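First up is the structure itself, then whatever we jot down about it.
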Amino acid sequence: MPSYTVTVATGNQWFAGTDDYIYLTLVGSLRCSEKHLLDKPFYNDFERGAIDSYDVTVDEELGEILLIKIEKRKYWLHDDWYLKYITLKTPYGEYIEFPCYRWFSGEGEVVLRDGRAKLAKDDQIHLLKQHRRKELETRQKLYRWMEWNPGFPLSIDAKCHSDLPRDIQFDSEKGVDFVLNYSKAMENLFVNRFMHMFQSSWSDFVDFEKIFVKISNTISEYVMQHWQEDFMFGYQFLNGCNPVMIQRCTKIPEKFPVTTEMVECSLERQLTLEEEVQINQIPGDDNPIFLPSDAKYDWLLAKIWVRSSDFHVHQTITHLLRTHLMSEVFGIAMFRQLPAVHPIFKLLVAHVRFTIAINTKAREQLICECGLFDKANATGGGGHVQMVQRAMKNLTYQSLIFPEAIKAKGMESKEDIPYYFYRDDGLQVWEAIRSFTKDIVEIYYESDEVVTEDPELQDFVNDVYVYGMRGKKASGFPKSIKTKEKLAEYLTVVIFTASAQHAAVNFGQYDWCSWIPNAPPTMRAPPPTEKGVITIEQIVDTLPDRGRSCWHLGAVWALSQFQENELFLGMYPEEHFIEKPVKEAMVRFRKNLDGIVSGITERNKNKKLPYYYLSPDRIPNSVAI
């Protein structure tokens, strides 16, 4: 009688093992096997991290194994189980891999296909077509779109983290509890004694060191020492937390009535103002244009206001909307429209890991009404919602294509604009990802026609356009994709947004924002309407009080930490792909990334302000914090 060897790998996560009964059924091209209980006597099967093997004997020849059914039945108490993969050794010595990487919650059955990636056109057997269709029907019931706020991209239909499908929840919910993490951060940073001192002002700038000195690092300490200097003010627009706002001006705006004489003291290169061009401002008697030649505290407060405004734009638009919310859109659309056997699902699933979960947690605790965002930020209480709604009107697909975004701002020239490390490193990482996605597309799509005629791919792209961008034609998001080149570009946008772009604007928050005067989350007095009256006491009274400073410090510290067991760009420990050409493409991808890491490391040597946010070894695969 034919005998198969079944190898079952259980995950390493907390509580991944199970004591429940596990049954296996083999579905062949000729017939199905009986249901077999996978159990070894006097042995604790399916423990966390275990790889267990079983012999399964069948009565008759099954033919080619098309599917396997895994059924879980309760032994004693409710018991989840995380199955990584199953390997089947046939009676003829062949090995078949069945990737799973899913949770089994409660009782039920999961049907798996072997690990070869297949487009819909490749499935000619009715049973496989039916399996493909049923998987998507099930997912579309689980992953439903919801409008969290008018004008926002749609998000997952879940009020809290525990409402999410088990497969996309965090392994340990405690690890991403914002209330717990912020409180823990403030305890670790020794600022608990200030935490409830709302309305209580600091005495002077030095007083802020009471919540800072214990936790200083290279960059944040440098910021504390030099934050009042103009070079530090300008440098941050190139390589700080929000390096996406700066753009080149080619002429002085009409609403900016400044002359060369007014700013002559700052024109170090003996160029005229028309040649240098400065920033825009709406003129008015009660809205003076502050200059470096003004009184010390006039100019300092003007810069503080710009830094505070930049902080809010960064948090709500650059960070929340353009990385978190957009990555969630890509993730939901992927789960709804691409079956696990689809090569694009296998490619993207690592890049949406925990994204929907972290966003759900944020809506539950952080950016909701009366959430943590309201405790420390001036745009809390609804202002952050309005900012996202306005920014959505200008969010375009083209602006997510990194090289195009740099060109659109006139910032592409290394000769004219040196030391823009965000641009330099970002372009390298973009090209590495683009080369990788192009390799994957070439493996599975023989021609542009195959791309056009892939209904699941087209449904995925259309879901992003209809629900993510709310069907707005002006957004430039494609409704469909018709060439291999455009598909590779689209996949690069998805992966770059979730990995590199998020890393560039997230993990520097502690470096640049922990020194409160450099990035105030709230200002307690309106901007000055006249010159020559500002004192240092007024500035300190305008900056955040002690309580809000502590909440802010806890937030930027927590948001700057990597996840436990973080997976960085190029790491694919879950082997959804089994084909050799893909594995070779992954090796090339990692080699390209390693070269970028080496170059960035060499450049950063002996730099007082090293730029490492886009070093691939510091870029997580997905938005998960």
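Backbone N, Cα and C define each Cβ position, glycine as well.
Annotated features in TrEMBL:
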type: DOMAIN; residues: 2-118; note: domain 'PLAT'
type: BINDING; residues: Gly17, Asp79, Asp80; note: Ca(2+) 1 binding site
type: BINDING; residues: Asp39; note: Ca(2+) 2 binding site
type: SITE; residues: Trp103; note: site 'Essential for stabilizing binding to COTL1'
type: DOMAIN; residues: 118-625; note: domain 'Lipoxygenase'
type: BINDING; residues: His319, His324, His502, Ile625; note: Fe cation binding site
Using the CB centroid of Gly17, Asp79, Asp80 as the Ca(2+) 1 site centre, which other residues of the same chain sit with their CB within 8 A?
Phe15, Ala16, Thr18, Asp19, Asp20, Phe46, Trp81, Tyr82, Phe104
Including all protein chains displayed, how many Cβ atoms other than that of Ile625 (Fe cation binding site) lie within 10 Å of its Cβ?
20
When you measure from the Cβ of His324 (Fe cation binding site), how many other Cβ atoms are you left with inside 10 Å?
24
Reported as an integer number of Å, what is the Cα distance between Asp39 (Ca(2+) 2 binding site) and His324 (Fe cation binding site)?
43
Which binding-site residues from the set His324, His502, Ile625 come within 10 angstroms of Asp80 (Ca(2+) 1 binding site), judged by C-alpha positions?
none
Quick one: of the recorded positions Gly17, Asp79, Trp103, which has its CA closest to the CA of His502 (Fe cation binding site)?
Trp103
Pick from Asp39, Asp79: which of these binding-site residues has the biggest number of other Cβ atoms within 10 Å of its Cβ?
Asp79
Top Cα neighbour of Gly17 (Ca(2+) 1 binding site) in the set of binding-site residues His319, His324, Ile625
Ile625
Cβ within 8 Å of the Fe cation site centroid (His319, His324, His502, Ile625 excluded): which residues?
Leu320, Thr323, Ser327, Ile358, Val505, Asn506, Leu559, Val623
Can you grab the distance from Ile625 (Fe cation binding site) over to Trp103 (site 'Essential for stabilizing binding to COTL1')? Cα atoms, rounded to a whole Å.
22
If you average pLDDT over the domain 'PLAT' (2-118), what do you get?
95
Residue among binding-site residues His319, His502 with least C-beta crowding, 10 angstrom cut-off:
His319
